[in-house]
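Right, one structure below, let's go through it.
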């Protein structure tokens, strides 16, 4: 394989990298469980949507509305369940398809740029397809791929409208904003706004703002596509708008360790950590961009400016999430993703101006290899990361499972909800108190560190049915409860 790659032109190498990365990511989608907490949580919300037929309000649990995000991510996975049934592949593949659309748009804008060619277009596509964060996240049940699609469509729509005076692409700018509003909300407007504000402030570009977009028709399209769901969501679940707008979009990002999160714990990080996340998320290409920028400055070239402002536009796009989240204490590494298409376009653009040897770009082969390794480690549960699939696979095969309740002691992972089809419940308290309160045959999942030393389930008390790395699953019948409690107290 590697000998064959040596003979390829840069265009052929880029196409090969793109195809290999996408194919391996596609094949990996069903090889490992939905991971706690993000994937399993969002996958379970999509499963509930699919089961209940409630396509308006995502549900955190049965009868518990989820106000933290708009519904596009649940629509995608729930649609996958409709087509392929409830499984990991079905949950993830719609998000990967959205990722492919982002790749297609990246190829399009690179191929249409002045002084560009198909080589640069395919190189930009290959770089994005093999950027670690992009290819991992685009095949995961998360909100970021749909958000990135919306922002990419808006930014490309604006650029084509600005440079080609295309009314169609002007409308696409507003369609992209609508997609982003349904993917992650007003954050879309903020990120696009930062990008464009930074760019138009230079070279007196602001003078063209009144005429560069079809404002009246575009705003009408934006409102028509995005506003109905927000009104329906507030009508179906009063209080949504206050929590989502004020809590999720103001307090979450300015209050470090924000404690108003209804659905988890805020991610408390040192302000500025987003730049480290970016450097890691853009691997293996981070050094290439830095090296190319240094070469341009050393050669006396304008590293961030082109005749039509293309490079400056891309820099503003790429940096907008970093600028915004520099001042946030609640961040995740996935927050850099909306700028990744611009990152790939920048490297390809610099290659067109000051070439690096073709062999440098073989570094992209690292990414599909890492995907294979990660999928195998997760699939065979070799990472030590908590996931309930194997334990609940054994539970589902028990003859008593259909007629017995399934209970998790003190903590119920989201993957337990997903892999039990919503049957898993949570009880809190000591093991003895919970056993004492059980009134019917029950499967009980208990963390090993919650079981008293020396305690045994057998001897006609509760029967051990399955074990995982950190939990035991036991089956208790009503007649055994008192004996089990006696044993626990001995």
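The backbone N, Cα and C atoms fix where each Cβ goes, and this holds for glycine too.
Per TrEMBL, the feature domain 'ArnT-like N-terminal' maps to 16-244.
Summarising the annotation, TrEMBL assigns transmembrane segment to 12-35 (among others).
Long-range Cβ contacts of the transmembrane segment (89-110) within its own chain (Cβ-Cβ under 8 Å, at least 6 residues beyond either end) map to 18, 22, 25-26, 29-30, 34, 39, 43, 46, 73, 76-77, 79-81, 83, 116, 120-125, 128-129, 134-135, 138-142, 145-146, 148-149, 152-153, 156, 159-160, 341, 344-345, 348-349. Here TrEMBL flags 89-110 (among others) as transmembrane segment.
Annotation comment: TrEMBL describes 122-151 (among others) as transmembrane segment. Counting same-chain residues at least six beyond the ends of the transmembrane segment (122-151), those with a Cβ under 8 angstroms from any Cβ of the stretch are 10-11, 13-15, 17-18, 21-22, 25-26, 28-29, 34, 38-39, 42-43, 46, 69, 72-73, 76-77, 91-92, 95-96, 98-99, 101-103, 106-107, 110, 176-184, 187-188, 191-192, 280-285, 333-338, 340-341, 343-345, 347-349, 351, 361, 364-368, 370-371, 374.
Under 8 Å from some Cβ of the transmembrane segment (171-201) lie the Cβ atoms of residues 69-73, 143-144, 146-147, 149-158, 160-161, 208-209, 213-214, 217-219, 221-222, 225-226, 229-230, 244-245, 248-249, 309, 312-313, 316-317, 319-321, 323-324, 338, all in the same chain and six or more residues away from its ends. Per TrEMBL, the feature transmembrane segment maps to 171-201 (among others).
Panel annotation: around the transmembrane segment (213-232), residues 56, 70-71, 158, 161, 167, 170-171, 173-175, 177-178, 181-182, 241 of the same chain, lying at least six beyond its termini, place a Cβ under 8 Å from a Cβ of the stretch. Look at TrEMBL and you will find 213-232 (among others) tagged as transmembrane segment.
For the transmembrane segment (275-297), the residues of the chain that approach it from at least six positions outside its boundaries are 127, 130-133, 303, 322, 326, 331-337, 339-340, 343-344, 346-347, 350-351, 353-354, 356, 360, 363-364, 366-367, judged by C-beta separation under 8 angstroms. What TrEMBL lists as transmembrane segment is 275-297 (among others).
The transmembrane segment annotation in TrEMBL covers 309-327 (among others).
Annotated transmembrane segment per TrEMBL: 363-382 (among others), in sequence order.
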